[in-house]
Amino acid sequence: MALIFIVFEGVDGSGKSTQLNLLNKYLSQKEIKTICTREPGGTPVGEKIRELLLDPNFAEIQDRTEALLYSAARAQLVAQVIRPQLEQGTVVLCDRYIDSTLAYQGYGRGMDISFLAQINELASGGLMPNITILLDLPPEEGLQRSRKDRPADRLENESLTFYHKVRSGYLEMAKRKPDTYLVLDARQTMEQLHRQICCRVGGLLGV
């Protein structure tokens, strides 16, 4: 089987983690070996970086610092988890990847896209997903969901204007890469989304 790397993207509260876990269960039932991971995080080093990035007490983190920290966590995850697992024939399911940096730091914060592309290339070694599943949701609804049961983290404290830019960035990237993007309306039911994801991924895996 070819190396299969599947990424879930979307604004906060779009249901990425839920759908990733449902897909993992579906593939496991088909006796397909999988591993689930996330960004930032997925390794001991990455999880420490995640704590720093999401801590609301560090609101002074500069944009460039933020982007480099995300890339550092990504470099560790690719080297320690993603690439070795792919080489073993494991299907890798990842909650966020490179396009999160482009959407949040590029479109959201207005950082130079070419600079972000360079550090992403260095961090990932050019490793790109076979498919990116974008769960598209109006930011108002996403933030309402994500803030429902816990305090907002540093990024969730950003303005709605910021999140609208992030969403627009995702949709623009999806238009540029139609062959590798699956864009779904995240306002659908959990079951409806799961069926569509399984259909697309099942076709990719031949199951």
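Each residue's number is its place along the chain shown, starting with 1.
Just so you know, glycine gets a Cβ as well, placed from its N, Cα and C.
Going by Swiss-Prot, these are the annotated features:
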type: BINDING; residues: Gly10, Val11, Asp12, Gly13, Ser14, Gly15, Lys16, Ser17; note: ATP binding site
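Projection of Swiss-Prot feature records onto the structure.
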residue: Gly10; record: ATP binding site; Cβ within 10 Å: 25
residue: Val11; record: ATP binding site; Cβ within 10 Å: 28
residue: Asp12; record: ATP binding site; Cβ within 10 Å: 20
residue: Gly13; record: ATP binding site; Cβ within 10 Å: 21
residue: Ser14; record: ATP binding site; Cβ within 10 Å: 27
residue: Gly15; record: ATP binding site; Cβ within 10 Å: 20
residue: Lys16; record: ATP binding site; Cβ within 10 Å: 22
residue: Ser17; record: ATP binding site; Cβ within 10 Å: 13
| note | Mapped onto three states, the DSSP assignment of Ser17 (ATP binding site) reads helix
| With the ATP site defined by Gly10, Val11, Asp12, Gly13, Ser14, Gly15, Lys16, Ser17, which remaining residues of that chain have Cβ atoms positioned within 8 Å of the Cβ centroid? | Leu135, Leu137, Gly142, Arg145, Ser146, Ala186
